[in-house]
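According to TrEMBL:
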ACT_SITE  His132  active site, proton donor/acceptor
ACT_SITE  Lys159  active site, schiff-base intermediate with substrate
BINDING   Glu39, Ile40, Arg41, Arg73, Arg196, Gln219  3-dehydroquinate binding site
Amino acid sequence: MLKIGKFDLEERAAIVAAISNEPLQQSGTAAEHGADILEIRFDLLGITTPKEAADLLRTVKDKTSLPCIATNRLQTQGGNWEGTEESRIALLEDIMHLTDAVDIELETDDQLRDRIVKKAKEEKKTVIISSHDFERTPDKATLKSILDHSHNAGADIAKLAVMPESMQDVLDLLEVTLEVDDVCTISMGQMGKHTRIIAPLYGSKLTYASVSDAVAPGQLKVEDLKKAMEMVE
């Protein structure tokens, strides 16, 4: 059974609200507007120490009772972490007992990524291994290979976000989503915007939304995504 916290991803896809600034306000708004899970973006929030991260997680979970994904994103993967790789990984390790899931990038150094996966498994937390391509959409074989690599590296959910250059790119991603289990797939930008609504129909376990400003190209707001998903379910 695939869960994040108490949310059962076998029953339906989860709407994940990306918390990127004013975390207490955004978390409360996300909960009110129907988010199922919160992604706490430590890199965008300017949080650099395990104590700051732990205090925020405790407060947000007390305020909303929603499960949380801990993310501390690499700059090359769309994040804003400015410290060392060791400190980035150490922060996630130190707060693992407080979160419900952790997101670590596939391109992270193998030994560092393995540390996060090992710690998460020990703490019985859900592992998301993510990969982002902001320039293009690889061919179907490569898309599958990336997802397989993530699962082989220990992912419970393999997350893949790519930028389409044509509607065929979008279709290719949806086909792969249908064929591979336990994934989160996103076709970014205006051309792929609708995949945030329909990818769950093809098997994507998570779909990400913003509370205020989008943190990724084509991201919808929580309330709009929830309404749209209810219409197509």
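Any Cβ shown, glycine's included, is placed from N, Cα and C.
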Report, in whole Å, the straight Cα-to-Cα distance of the residue listed as 'active site, schiff-base intermediate with substrate' from Ile40 (3-dehydroquinate binding site).
16
For Arg41 (3-dehydroquinate binding site), just count the other CB atoms lying within 10 A of its CB, please.
23
Do you know offhand how many angstrom separate Arg196 (3-dehydroquinate binding site) and Lys159 (active site, schiff-base intermediate with substrate) by C-alpha?
13
